[in-house]
Every structure is written in structure tokens, then in C-alpha cells.
């Protein structure tokens, strides 16, 4: 209900009008006075006075309303400008009369305008705006004379009482402003009111209490935090002062402490050396002389614990180790502390020696357990270890590694991993050497090592070197073992055979699979802790997994393992020590902290240096000093270990396979063949040899790895320093601080080798396991580089074959979007069959990301290219030196500048970030320039930075160099450098090369062109004439010749193979899926189509058929498929009549081909053009099991045309054969004379009878011209599917054709049928127009524009025809830019195609153009001026442009007589697309007036030329037969003087079959009608059943009457009623359930769509029947006997509701 103040506001506007003004009163007095003067006694009546007053009042009101309207419009514009988006217009309303207004006599109010304004208070921020309203105002017609309608609606926050109060206030204010503009003032008043009441909405008391508590708690916490910060600041200031003071004090004592520590270390080292010397002598004496001492007892305890642990399971190992510790502790109580430590060291030292000996023996398969036991006995006699320890040398014991792990867990840098001994056990040689040979080799190696090192060969010396290096070696060995709980997939599945190659990235090993026994190549790559580098490494795996080609190395699988076990590839040569420095024992033995006890304590104390005591500091200093003294012994032991390993590994002379020799037969995916960094492109430094370059690549890659490791440590060091400083401030421990400072300074004075080894040691400690990537690939025995170096002793054809294989492989790689970037002979391999395999995709990248490499990708690229790319030694070394200086100077700077605190750390971090950015930039630049010397293109040298991006043409440049090396052999390496440099820079070939290999030289020049755009792609190279033909191509051609010959004996075998079911299962799932999910566009073909689709199709077809029946059209069906006549159609428009068919059918199995020996179809205008249209949309070609090609019809009109042509060809053959018999009869009569008159008369009688039944072609055409054939057809046409295995696309189409008449009336009738059809359809009537043009006018247009090329015509016409949907400037842009047409030519096109309108309007424009253009006003024939149409006698176009316009005028007259609206036919000259489909005359389209301008139908004249000339035949046999016939005819004419011209002209003349027709896309029509019908259905159904989901989806017809029953046992009654109705001709239906529920029957009756529902009810013994009319909503009671009579008398029409 509206508020009461609103009613009050309407009262002023409803007051009676004011009295008339004085002018009106004077007018009334004048009227009265004039009446008195004229009439004398006559007085005016009351009616005249009232009428005069009414007129005056009306004129006054109209003038007033006009003035007020202008004033209202001005106010509305001002308000809209002021409030902008807050002003919204509304529809005005009329307040009708109610009881109150009728009683008071107030007239209804009519508003002229109504609007709404959003009012907010005067608040700047929306967050503080808590209230807002909508002020709705309505202007009466007499506003502002009367009050406006004002209404206040709450938008936000304002209570309803306040809104009523504001509305009353505004009404009161408006009463005082009558006659003036007031809305803006009212808005200001409303804003003031809202500003006063702009309060935050009130909430509950609990919420207010909670919010208040939160505010108080926030304030309290803020105060506490401020106090805590203040206290912390004071404490920091106090600690800073104390620390500064202590720092200065410690600095004064620094020099003294330094000297004391040196003296202390020297003294301790001397004492320890003397003690060790005495202790070792004692041990030797005890073991050699045989006295049993406490030490032996202790040793027996150890042996017991070890043996016990060996016999038990793995779970008892901890107990064994605990027993060992307990026994150890018990024995130590009887001795001094120093002796107990030494005894423990001796026991562990002996165990370590045994472990090292066992590991060394595992690498030699010729060593047996007997050999090891003999060697152990000799070592026992020397006193190296106890006899009870010999059990640890058992190579088949798998539990020993766990014992070593428990004993040496304090000395190992990483946890022990188990080594798989089962693999090595299988490789033991049964025919081993004798023990003497093995033992002599062992001791000879030891003697040689001691001689080289200058030491004595005493047992004490060997024992001491084992002590010094044992820890290091043991640690190194521990790195190469695997956890017993982790099974190595690599060692369990594969057996290593040979190392094929090694690079900076990893190794490639030849292995044998233990399961299948085949050989493979496995690439082992060590992964980095940096995830970005790992992603770069894994890029090769991803690339290989995408490639599957016969000339690309096959990829099998890849996996990652956490570590790598010992194998022949792990003990590398000297040049690989730097590559795997973290795994080599030599690199660890170089470290000074290699002793077991000292190394452990130093590592523990260095991690807890801030919390350690002064005593631990002294111990650490002692041990570090000892490490410096023992460094020489460690190096000595390292040399011994290396020499010993080489003897064991390379005893058979196979050490050469592990070297980086580039001249051997090694196979490497990471071959460093002439690797280089293009930024340092120095050829003189690369001449030294391949081995030197390869070694440099490995060393530089090592430097890059060291640089990355150091950078990672440098990132973590500031954080560690910061945490250390915080601990110092809290603990205030100046001693630990001074200790750290002294420690850092002592470390900075160590040599560079020691600092590098210590950094390696830290990296090893941090990483518990290092993952390896294994890539299993195809094993190839040879590489192309071996052949190019020694010379390819092959025939020229074989070299071309190999080159073609390389090109095919690169074409496939480039087709996958991959750039190899490192194509060279070392990366091209041969398989076992001698075919090419392209490999090493370590540098391959995606072609799309070449020009936009991210910094991360560039960094990764630099890492991945280490295998085939040598970096700049100067640049890399400078970066490494900078990093080392930073690591050395950073601790000093930190402790010297510790006063500056956090500021110094921030500066260091900023410097580190800047250096890292510079390093990334350098790496990005270097990475972009990847490749191999002499094989990189100029754009590769320039890199990818900036605008010089490269693509797959860089591989083609490399291919050119490779191709040159395949034809030319270099005598020396120096010659190779000079020749390749001249070839790259100057394009100069060696002498006699270009003369002997001219084709090769041309091809090489193309490939190494400096402009990438001029280089051919791999696909273009395969198709080039410079490439010799492929042998496989010749095989294919020969096979095609065989299988296309039906007389060949293998022809039927080939067909049986093609039609076998071996491959049908590959496409069966696609076929069945399409059958089940994608229904055909022909709705009648769908078994489960919905109800409305079937109804719409039936109704539309009935409407069209009704219209066609009125035009006397009959249904004539054409075959859906036919024998194909042209497989590859070559558009040959306007051929000469004498020319034969371009292509003919390859088989002669049909009767049609046999019977058309003298009658062929001339491939002239329409046939070729129609075939071209078919080619564009795609024909559906099928083949039967006999090899016959069949074509599914593409268009109903084309099918009808082919059908007519075939019928007339058969007619011509029949007519010719008939007259041939007549000629024979006449010939017989002339020879026999008149001997038998009776027989002659009978024969003439038969001839006359045959003449009456046989007609010629021209006679039939003459009859059809008077009464043409009108036919229609509803059918389906097919299009070629887009995917293999799918069904051809099926479309519904309707066509109407008029055959036999050349008159324009047939064209007009076709368009008349078109308009009647679309006018009868509700979805298209008044929403379409006919787009008309003439074929002859289009041809004149092309002649006027100056375009003669047929292809260009079709392309331009396709663009120009889009003017109905696109503006001219868009079409003009395409013509200028895409087709490159001159501007004048485009302007000429515009003068034609922009002309459209009704037929009279366009004719006026064309007449004017004809007068101004001599080309159009001439009388020349179009056919004579058009070369493409010079002999087309069948074209029915006029000879001049004037005649063409007369045709259009005549057509317009026909339209007028047929009552076709002139506005429905648009003469559009831009409609020129598909004009080649039509041969002559009119062509038109039916276009919807909607935005998309969709085409629903096309039509026009497509006459078919028919040539019955027997001189042109499709086969030689027919030509010979026809020539014989001609000779016989000529002889007959000459001999008998018979006039044969009549008969010869009957079939020696070209005929024209006139056809005009219409094709309608029924799918589009069905869709539109279905949508409209569905809307009507939803309106008819109740709201509860109006949804599509509740409608019947699987029913084929709609009943008119539906019978239901309410009660049991009425099923038979329902069936009886349905039967009676059906017998009477009504469509009745019921449910097929005997006793359904009433609800089910009610739903079924409604959803069925029936017009009438019969309900049967049973009340006692009586049965009542009610008939309900759904449309009229009426029910009638009908008896059982009168049901049929009821529907008969009701004039029931079953389809009245469905008429369209």
C-alpha cells in the first residue's frame, strides 16, 4: 500500500481548473452582444455558451501543455547531466479512477515523464555512506503548475519510518514551489536529511560488546609490543657496547694466541708421531712373535662380535655392534685413556684395510676367493691385521657392509649403501689365473708406487699410509655403494659391456639386457641439486619420447636412481676425475681432514663452534695442524690407489676405451667433437687436436659445476652468519667469537687446493645421495664421422641414399617442432642394417621458444651443452676466480667489519645479487650461442638475443657442411680447418670438387647460404630436383601400374587384401560412436529423435508438397550413388566441341560404357564447373569389392542432370541403332529389287510402325519445350568426412526442377515456387528476400574489370559475395592486400558490386552506365570476346548487354503478373559466387534478413550441353567402330544416292538440355520451424509440463485422442474404445499397462499432445465416459455407444492444431 502522504501529494494536481482569463470572458461577451444585435430579440442559448467555453479551454490547455513540456524537457536534461549514472528514466504511468476519485470528481492523471534518482548523503567515501534512497518522481502533463508525484524508496540503511518522514517533508516543500522547477531543490533537501541520519546500522548488544573487547585487546597488545621493542632496543644497545669492548680486547690478544696455537700444534704433532711410531713397532712385534696380550683379547672380542653379526640376520646387527662396544669399554677400563683410544683406532684401521682390499678385488673378475685368502695370509704374516679378520674378505658375504657402517659411522661422510655383489658374481671368470700371478701383480703395484713416491717399502710405511688415506679412500668408496634396502634397477637388469663415450654431462655405456640378451646404449647423467638444471637435463628425455622415426635413434625408457654402484665406468681415467670429483677417492684423499678421528671431531665442532668450550677449540686446532702435516702422505696414497686401480681395470689393454679419443670407434651421444663457444671463436686455438679440445671441454664443465656449487654456498653463508651473530648477542660469549674469527683467518691462509677440497667436502656432507638419470636408447655400432674421416668408400648412389635418410630424419624432427642445433657427423649413427640414425638431442629445443628464451632456460642450456660445447676458458675462469675471492674475503670482511652489523651484510647480499645477475646474463648470452665448430650457422653465432632469432634452418646449414664432408676427404686436420673455413666464409670449394660434383656443389651452396630464408627446408629438399629420385618412389609407381590394371593376375588378390577385415577394428569404434551419439542431420533417419522433430518434418514436407501439386510437379527420384567418371577433375571450362573427354572411366564392366561407343558427353561449361564445386565441398568416393569407384551424390540437381544426360545418351544410342537397321533394310531392298512385293510391303509396314514409336532427341526436346517436365525430390546428399573412419556427412535437401523449357517463364515460375514456399513457413515469412543476378551480366562484369583468370575470378567472387554480410571497406582491404589488385581495378569492382536494389532501380543505373561505357553499349557478342566461351554454342545468353537487360525486364514483368512483391526480389550485382555452377541465365539465392544473412536456398539455370557426335569417343575401340560406321554410311550414300543427311543430323548435332531448378537446405528450415513449434508447444502445455525434459523424447506420432481409466479392471474397456475410434478413422491411443495409476495416466495423456482425453470411470455397475477438449477446456458426458458419433458430428480435424 502506498503511504498516505502520497495521496495528499496528488490532491493539488486534482483541483478544478481556474476561471477563464479576461480575454476569454471578453470573447464570450462579444458573442452575446453580436447575437443580440443581429437577432434583436434572439438570445444565445446555454449550449452555445458552453461550447464556446470548451473550445477556449481546450486551446488554452493545449498551449499550456506545450509550453510546460518544453520546460520539463529542459529540467530532465539538467538533472541527467547533474546526476549522470544515478539518474534512470522510467516508463510513465496513468493513475486510473478509483472510488475516491469518482466520488470527488477528479479526473485521472496522465504522466509525461517518470524517473528515479539515487540520493546519498554528503559523504566523500562510500565506506562511510550507510544510507541511501531512491527518489521516484513523476511529471504530470501540467507540471510544474501542478505537484509532481513523489515517492521515496529505501535503498540502504534508512529505516522505513524515516523514509515516510522524508517523503512527507518533500511533499510539503513541493507545495511551496508550485510553478517553479523544484526537483533539484528537493534532492538537496533529501541529501541534507540523509546526512543527518547517516548512522551506522545498529547491531546486537553481544556484537557490540565483542567489538569493544577486541578494540581494548588490540590497544593492550600494541602497548605491550611497543614496550617489548623498547626493551629489546636497549638490550641490543647494551650488548653492542659490551661486544665492541670485548672485540677490542680480543684483538690485542690475537697475535699472542696465534703464536701459542702454532707452538702447541707443533708440539702435539711431534709427540703424536713419536707415539705412533712406538705403538706400531709394538703391534708388529706382538703379531710376529706371537705373545698373547690384552690387545689380542680385545681383538678376539671384536672377532666374536663380527662373526656373530655375520651369522645372524640383518635385524641382529645392532646387537652385534653393541656387544663390540661393551667389550671395548670393559677392556678400556684396565688401560689408560690414551692407550684405549689408540687400540680402538688400530682395530678400526685394520678393518678399513680389509674393506678397501675387498673393494679393489671386486673390480677384477679373474680374482677368486682363494687368491684373496692367500693374499690375506701374507698380510697377516706382515702384521697388518689379525688372522681372525680374514672372514671379512669373503666377497659373497652381503652383511659385511652393515658391520662396516656400524663401526665407522662416526667417520663416514654419508651413510653406507649396499653394493650389489650378485651382478659381479656372475662375471667371475671360471678360468682364473693362478694365485702367484695375482699376488705378484699386487705387490709389484705396491713396490712401483713406493718407488715413485720415494718412500721405503716397509710394512710400517704401508700401514701408516693406509692410516692416512684410509679414511679418505673409505669415504670415497662409501659414496659408490647402495643402500641394502634399495634395489638398483640398472645393475639388476643390465650388464655393462663397454664404455662408449664420455662428456661433460655423463657417460654412455654399452650394456646387455639380462632378460632379452640384446645390446642397448644407456646414457648416465648425474643430476644436480638445482631443479632448473634438472629440468633442462630432462628436456632430452622429453624430446626423445616425442620422436618415433626410422631414421632417429629409438628411445626405450628412462628412470632415476639415487646413487650409482661401483662398476667399470666409475673408476675413470685422469681426464674424468674432474667430472665426478665428488665420487672419486683421489679428490677426497687430497683433503687434509681425511683421518678418521680428527676429521669427525673437526666436522662436529665446526658445526657447533659457537657453543663449544675452550678445550674443544684447542683439540680442533691440533687436528687441523696435523692435517697439514699429513697432506703429503694422503697424496701418496692417492697415487697408489690410482695406479692400483689402473692395473686391475686395464690389465687387458682396454684402458684406451675410457679415454677421450676422437679417432676411435667410440659411440657417444655426448661427443665433444670440436666443441666451442661461439663468443670465443678462435680457430687457431682449436688446431691443436681433437683430444685437447675434448679435455678442455671437460675441465671447463668442471669449473662451471664448481662455480655453481660455490654460488650456492655463498647464498647460504650470510644466513648462517646472521644466525651466528644472534646467538652471540644472546649468550655474550666473546671466546667463541674470537675462536671463530681465528678459525676463519687460519682457513684463509690455506692453499687453493685445500680450500677447494674443503668446499667439496661440505657439499658432500650436505647431500646424502646423488641421483642419476638413466636413458635407455638404441645401440648403434658406428658413427658417420668414422666414414667421413677415412673416406666413404661407397658408390655415389649409396651416399645419396644415406643423405636422403638424413634429410628424411630431419624433416620429421622439424615437423615435430624441434631444432637439433648440434647436427654433425659425430651425432649421426648407423644401426645394424646400415641405415642412418640421428641422435644426441641434448641441445634440441622447441622451435616456438627459440626467440624467447628465458634466463632459466639459458642457464640450463649452458649446462646441457657441456657434452658437445666447449665454453670460453677465460670467461669461465674469471668467474671462478671472482667466486673464490668472495668466499675467501667474505669471512674476513665480516669479522673485521662486525661493528657495522647488519649494514655490512646487506651490502654483501646486494653485491651477490648483482654478481648473480651478471652471471645469468653471461650464461644467457653464451647459452644462446650453442653449436659445434664449423657446423653452426651465422644466426647461431649471433645468438637468439635481440632480433636475430633463428629457426630450424640452422640445422639445414649444418646439414650442408655434413653433406660436403660426405663427398670430400681431408688428409690432415689442418686442411680440414682451412677448407671448411673457406667454404663457410667465402663459399670456396677445393679444386676440382665443383667440376666433379656439380650437383653436390649447387646443393651445398643452397644449404650454407647466409640468408636463412634462401635455404630450403628439409621437406623442400626432399622434393627438390637436385635430389636423385628415391628408389621407393619407383617401387610405388610400379605397384600403382600393377594394381590399376584390371587384367593383371594380381588385381583380384589386391582387392581381397584391401577388403579384408584385418584393419576394420581400427575404425569400428569411431563408426559406432558416430552412429550412437551423432545423429544424422536427416531427422527421419534417427530412430530416437524427439517428438517435435518428426512433427515439424512431416508438416513442412506436406506444406511444400501442397504448393508443388498446385504447379503440377511430380516426384521423380534419382539414384543416391553413381559410377564416378572423373577422379581428379581438372577444371577445363569451355572446351571445344571437338575435344575428347579429359579423363574416362578406367573400367568397362558396365553396360553404359559399352553402349556409348559413339555418344560421349562434352566436358563444357556446366559439367566442369559443377565438378569444381563438388571438389571444393568434397566428394564422398567409395569403392566396391570389384574395384569400381562409386560417388555418393553431392547435390540433387547434379544428380538429376546426370540422370537426364544418361537417359538422352541411351535414347540417342537407341535411335541410332534403329536407323542403322532401317539402312540395312534399304540396302537389302536395293540389292534384291522388287522381286517380292509382298515381303517389301510387309517390311515397309514394320518400318512405319517403328517410326511411330521411335523419336529423335530433337523431337523430344521440341515436345518438352511446349510442356516441360516439373519434378521435385526430397533426398539426402553427402559430403566427405573430415576424419578417417567417420561416416560421410549427410544433409537433407529438397529440389524443384523444370526441364525442357528455355523460356524465361520457367525461371520466373521457379522463383514463384520459392516465394510461395517461404511465405507458407511461419519462421521465414516476412524474414527473407531473393537475391538475383544474371550469368551474362557477371561475365560482362569480369570483362569490364579486366580479369580473365578463372582461379582469380573464383577467389574474388567469393570475397565480393560477402558484401551482404561485410561492409565495403573490409572487402576492399582484402582485395588490395591479399590479391594485390590495383586501386583502379578495385574501384571498377566497386562500381559494379555496390549496385543493388529492386529490379527497376538497378536497371536505371545499368542503363545509365551502358550509355556512358562503349564496352557495354556495343553490339558485340559476349561469346566472341571471351576466349573461355568461344565455342559454347549451348550458352543461352544474349549477344549484347542490352539484350541481357531486356531479359531482366521481361522477368520483372513475369513477377508482376505472378503477384510477386517487387521488394522481395533484390537485384544484387555483388552476387557472383558460384556463378560457374550456372551456364546461362538467371541465378538467385534466398537470404534471411537476420544479422547473419543465412542462405536457405539457391537456384538458377544450369543447362546441360549434350554432344551426340560419333567422331569423338572415349576409347580407341569406340573410335574404330564409329569410323567403320561412317565409312559404311558414306559408301551407302554414294552408291544409292540416298539422302542420309536427315539421319546423320539426328545424332551428329550438339544439343542443349535446358534445366532450371531450386535447391533448399531443409536442415536449416527444419531447425527454424522446430524452434518455433517448440515455443508454441510450451505455451499450450501446463506450466508443470512445459519443460523439454518432461516431453516425450522417443515417439513417432502424436495421437489425437488419448483414452484413460480411473479404476481397476478397465483395460479391456479402454482397448475397445480405442479400436472403435481407429476403425472410424480417428487417431486414438492408450497406455499399454493394464492397471496404471491415475497420476501416470494423467501425465501420459498431457505429454502425448492429444487434443481430446477420454476418461472412463466406474461407479457401481455404471460406467461413465467424459470427453475433455484440451484446447477449449470443456468436458462432455458421452455414453459408450455414442463416442464415435460424438467425434463425427464435432467436425473434428486431427491436424487443425498443427497447421503451420
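Numbering starts at 1 and runs along the chain as displayed.
Any Cβ shown, glycine's included, is placed from N, Cα and C.
For 1-25 (among others), the entry in Swiss-Prot reads region 'Disordered'.
Here Swiss-Prot flags 14-23 as compositional bias 'Pro residues'.
What Swiss-Prot records for 74-197 is domain 'RWD', and it gives sequence analysis as the kind of evidence.
According to Swiss-Prot, the feature compositional bias 'Polar residues' maps to 454-463 (among others).
Taken from Swiss-Prot, the feature region 'Disordered' covers 454-488 (among others).
The feature compositional bias 'Gly residues' is assigned by Swiss-Prot to 466-477.
Annotation source Swiss-Prot lists compositional bias 'Polar residues' at 479-488 (among others).
The feature domain 'Protein kinase' is assigned by Swiss-Prot to 494-1027.
Residues annotated as ATP binding site in Swiss-Prot, with sequence analysis given as evidence: 500, 501, 502, 503, 504, 505, 506, 507, 508, 523. Around the Cβ of residue 506 (ATP binding site), 27 further Cβ atoms fall within 10 Å across all displayed protein chains. Classification of residue 506 (ATP binding site) by DSSP places it within a strand.
The annotation region 'Disordered' is assigned in Swiss-Prot to 568-639 (among others).
Annotated compositional bias 'Acidic residues' per Swiss-Prot: 572-639, in sequence order.
Taken from Swiss-Prot, the feature region 'Disordered' covers 689-760 (among others).
Taken from Swiss-Prot, the feature compositional bias 'Low complexity' covers 697-735 (among others).
The compositional bias 'Basic residues' annotation in Swiss-Prot covers 736-752.
Summarising the annotation, Swiss-Prot assigns active site, proton acceptor to 822.
Swiss-Prot lists 850-875 (among others) with the feature compositional bias 'Low complexity'.
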Sparsest-packed among the binding-site residues, when each Cβ's other Cβ atoms within 10 Å are tallied, from 500, 508: 500
Euclidean distance between Cα atoms of residue 502 (ATP binding site) and residue 822 (active site, proton acceptor), Å: 17
Cβ neighbours of residue 822 (active site, proton acceptor) where a neighbour is any other Cβ within 10 Å: 28
DSSP helix/strand/coil residue counts for the domain 'RWD' (74-197): 52 helix, 34 strand, 38 coil
Neighbouring C-beta atoms (10 Å sphere around the C-beta of residue 502 (ATP binding site)): 29
